[in-house]
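One structure is given here, and the rest of the page talks about it.
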Amino acid sequence: MTASARRLAPAAVVILLVVSTVFNDLLPLIPAGELSKDAFIYVMPLGLIFLFSRPARLAMPTAFTLIFLALILAIVASVVVNYDEIAVAHFKGRSGMSRIITQAMAMVLGVVVAMMFYNFARNGQMRDISRGAQWGLLVMAGFGVLEVASWYGIPGLTQLFDALSVFVHAETSEFYPIRLRLTAFESSWAAVMLTFIFPFAVTHATRGQLVLYTLIVVIAMVLMQSRTAMLVMGIQFLVLIWAFLRHRRDHMIHLATLGCAALLALFLVPGGQRSVVEVVSNMIEYGSTEGLIDPSGGDENMSNVTRLAAIQAGVSMFREAPVFGVGFGQYGFNYPAHVRGEDLRSWEVRSYLTEADIELGWPPAYSLHVRLLSELGVVGYGLWLALILPSLFRSLRYASGVTYLGRMHLAVATTLIGWMLLGASIDSFRFFGGWIALGVGYALPRPPVGVTRR
């Protein structure tokens with residue numbers, strides 16, 4: 001291998017790793033459960049090979065390592081305390097111990113990803129991470145164009161989309177075409193990916209690229225019609241605007257004035273106020289600008305009922321075992337005992353309760369925060385927050401749009417803020433973008449004195 005190839009190969013691997021995070025619904029090729037649909041799993045071995053090819057340069061942040069070891073002890077404690085119930089737990093073809101193993105593997109995998117990118121970042125490959133995010137965003141945008149074209153049956157593009165979807169979209173549903181899902185298995189997860197890809201894409205962007213990337217994300221949010229996307233990305237946009245304009249109060253005042261003027265003009269248009277209120281209320285209540293879209297044909301959004309039932313069940317478990325929880329990975333086994341009778345009006349809840357009904361699979365908690373509180377109690381949940389929040393607040397403090405380092409801190413802060421917000425909507429450890437941002441955050445140095453306070 002030539003010297004040029006030795007320099008390019010690690011960069012290519014890091015870029016490929018970041019791009020692969022946007023695919024999580026591939027045709028499974030290995031028996032790895034839900035992880036077999038993530039493209040990242042197939043590329044990760046290359047990253048580990050390059051990482052361990054330079055063992056002398058490997059390092060781990062002390063604080064992160066100690067907190068993670070404490071979290072492992074909390075997980076073990078939750079299992080020991082609830083061992084009698086876990087040993088006999090069996091539901092929908094899964095045992096209590098098998099669930100512990102699979103969920104522990106998912107968490108350890110996330111930590112490995114964080115440590116891998118911690119080393120990539122501290123060894124001078126931060127710009128490769130930025131380039132990977134830029135390519136990932138463009139890949140998502142390109143696939144989105146093909147997806148929209150398929151809605152209208154445009155010849156050529158529709159056939160190309162259908163051919164690619166055989167590999168990219170392993171799961172299908174008659175309700176997916178009404179919402180843009182890009183390279184993800186559904187629109188909410190597309191929003192999850194954007195919460196990582198977009199902040200890191202703008203770290204190395206020119207002014208023109210910044211405008212382009214922003215337009216891509218705004219258009220995607222509108223077409224996704226996802227409450228998750230609009231809430232999380234909306235808050236991330238506010239953080240980005242604050243960081244880029246924190247040293248230019250005149251620009252912030254001008255922007256606020258333009259926003260107020262636009263809002264006033266909108267409400268002065270006949271019917272404008274009613275239209276905006278209707279669209280916003282539909283998004284909040286039903287998750288769609290069209291109003292109620294529910295396969296059961298009822299007049300109530302069953303998705304809301306199902307989510308609230310799952311969260312209430314998790315809170316009930318936490319109240320029952322507030323210190324160490326009901327046991328790591330045991331939420332689904334305890335779900336039937338904590339569902340209220342009034343929640344049975346949802347066909348999804350009834351499906352989750354019926355052991356023989358595997359149409360919807362395992363009962364989800366719909367919230368990582370609720371799941372961790374119910375499974376690990378305040379001890380485990382507190383340690384989980386201790387892994388993330390210090391890096392988040394540190395990067396938020398040094399976030400700035402002035403320098404590349406400031407933008408990297410901004411990307412870490414906004415991604416981790418997004419992860420915390422997404423924890424109210426997803427309950428999985430599979431958000432590789434969050435783990436990458438966490439690792440990068442621990443590796444980023446402190447900016448020179450005075451750079452963030454010009």
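FYI, residue positions are counted from 1 along the chain as it appears here.
Cβ coordinates are placed from backbone N, Cα and C, and glycine is handled just like the others.
When TrEMBL is compared with the stretches 5-23, 404-422, the one noted as transmembrane segment is 404-422. The stretch with the most CB contacts under 8 Å to the transmembrane segment (404-422), chosen from 212-245, 372-392, 428-445, is 428-445.
Comparison of 40-56, 100-121, 189-206, 212-245, 372-392 by number of C-beta pairs under 8 angstroms to the transmembrane segment (133-154) places 189-206 first.
Within the same chain, residues 9-10, 13-14, 16-17, 20-21, 23, 29-30, 32, 112-113, 116, 119-120, 123, 432 sit at least 6 positions outside the transmembrane segment (40-56) and bring their C-beta atoms closer than 8 Å to a C-beta of that stretch. Stretch with the most C-beta contacts under 8 angstroms to the transmembrane segment (428-445), considering only 100-121, 212-245, 372-392: 100-121.
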